[in-house]
Amino acid sequence: MTQQTSQKHNPVLVVDFGAQYAQLIARRVREANIYSEVVPHTATVEEIKAKNPAALILSGGPSSVYADGAPSLDPQVLELGIPVFGICYGFQAMTHALGGTVANTGNREYGRTEMTVDGGILHADLEETHKVWMSHGDAVSVAPEGFVVTAHSEGAPVAAFECAEKRMAGVQYHPEVLHSPHGQEVMVRFLTEIAGLEQNWTAANIAEELIDAVCAQVGPEGRAICGLSGGVDSAVAAALVQRAIGDRLTCVFVDHGLLRAGEREQVQTDFVAATGAKLVTVDEREAFLNKLAGVTEPEAKRKAIGAEFIRSFERAVAGILDDAPEGSTVDFLVQGTLYPDVVESGGGSGTANIKSHHNVGGLPDDVEFQLVEPLRLLFKDEVRAVGRELGLPEEIVNRQPFPGPGLGIRIIGEVTEERLETLRAADLIARTELTAAGLDSEIWQCPVVLLADVRSVGVQGDGRTYGHPIVLRPVSSEDAMTADWTRLPYDVLEKISTRITNEVSDVNRVVLDCTSKPPGTIEWE
């Protein structure tokens, strides 16, 4: 699928110099309806050429170009004839490689900064003086030969430059963040007016191309199974593959006992009604609980759940083949892996492995299926757009994300049936009250976490109790790469807390997780 997409859309490559916003830059490019991918700064010139990029964007980073071991830009990259846009550290690395001057001016700029426009294409028709988001110590003091300085600030004599002839430009500030109000306009101007790219990355053609890619991978006679988790990702992946190969796809819903209240029934009704897909439900609750017995380490949990998913599918294949023509096999496994999953699992050289995603790093080495991952290069909002393009109802498309490992990674400690019942009850109360308050559209998701290995002292019924705390983790996000905690109304929080402590046994405390991502991931495990 990756090759198929790359052939039709030469990517804008975001070269990651260690920036926390590299994925956000890629998102902003896609918001401009242009396809993008992230590559590490360690990518060689030959590796970059092999991707046939439409343009390069050099990300920010925490280093100084003069520091020992600082990531550098191979000057040959700038000789490929590819449009290049530098941001913050990428702007300085670009300047350094082209023979300009980067200096420590002693005037650092962090946060909102007033910048003055001196002309050029990038900032045409914008206010002469406006706010941008800066985060730098060093600054470009002399632009490379042939480049026109188009903006400055108090701490950055060269806050932006461009060379239309070479199709290169750069800015010292961060146009990708919302704190730079005109940042997206500036990025679009580079992409369209300086780089000359077409804006043709849309939900309609994404869906069409992904369907074609699945057809090419599975072939005219291949059969596939798809594991449904109850979430939007697996639902859209299944709908795409069904559109490609029809009844040669069988969807398998594994009831692993790690589901929320009503999850199984909802999948069996909503998804089948929306797609008409063949659905087989298998009860594997006992197998999963046995596999998780005694497991407390988060990474071990994810890998155990991922491995048992595969074993469950293998056990389901025999039943599926009973209805297939004699001699048929099932060779393909469809998964709803997304681009953030790949990135967080260390998707590429030089990329940190934050945690194994059950679809990426949590699979056993002896998988008997070929993986079909039609959403592997998409962000969550793109998945929703493709789902709508395929005609899936809003009840499925707008569903809040729910991880494949389910409640198993929302119990801090060993997973037991008793603890699952406790968490399931608390989760249902939280979801019910958020829906009743009309807040579903305002939050990305609200994981409810049981601190099963923690005992909290409480007073209930005039007596001392030692119960478990429940954590509410409401977050707002665009794509799960970054997230902020959602400021829920106090009265809603109070109602959720009161109901949980009154109605859920062995829980005597409810706490709010107000950590953004970064530093914390959305899920606790």
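Cβ atoms here come from the backbone N, Cα and C positions, even for glycine.
Look at Swiss-Prot and you will find CYS88 tagged as active site, nucleophile, backed by sequence analysis. Sequence-distant contacts (6 or more apart, same chain, Cβ under 8 Å) of CYS88 (active site, nucleophile) comprise ALA19, SER59, GLY60, GLY61, SER135, HIS136, VAL171, GLN172, TYR173, HIS174.
Within 10 Å of the Cβ of HIS174 (active site) there are 23 other Cβ atoms, across all protein chains. The active site annotation in Swiss-Prot covers HIS174 (among others), and the record cites sequence analysis as its basis.
Proximity of GLU176 (active site) to non-local residues of its own chain (separation of 6 or more, Cβ distance below 8 Å) is seen for TYR21, LEU24, ILE25, ARG27, ARG28, ILE87, GLY183, MET187, given in sequence order. The feature active site is assigned by Swiss-Prot to GLU176 (among others).
Annotation comment: Swiss-Prot describes SER229, GLY230, GLY231, VAL232, ASP233, SER234, ALA235 as ATP binding site. Other Cβ atoms within 10 Å of the Cβ of ALA235 (ATP binding site) number 28 in total over all chains.
The predicted model assigns the domain 'Glutamine amidotransferase type-1' (11-200) a mean pLDDT of 91. Summarising the annotation, Swiss-Prot assigns domain 'Glutamine amidotransferase type-1' to 11-200.
What Swiss-Prot lists as domain 'GMPS ATP-PPase' is 201-399, and the listing cites sequence analysis.
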Same-chain residues six or more away whose CB lies under 8 A from the CB of SER234 (ATP binding site)?
CYS226, GLY227, LEU228, GLN335, GLY336, GLY404
Intrachain C-beta neighbours of VAL232 (ATP binding site), sequence separation six or more, cut-off 8 angstroms
LYS380, VAL383, ARG384, GLY387, ILE396, VAL397, ASN398, ARG399, PRO401
Other same-chain residues whose Cβ falls within 8 Å of the Cβ centroid of SER229, GLY230, GLY231, VAL232, ASP233, SER234, ALA235, the recorded ATP site, in sequence order:
LEU228, VAL236, ALA237, GLY336, ARG399, PHE402, GLY404
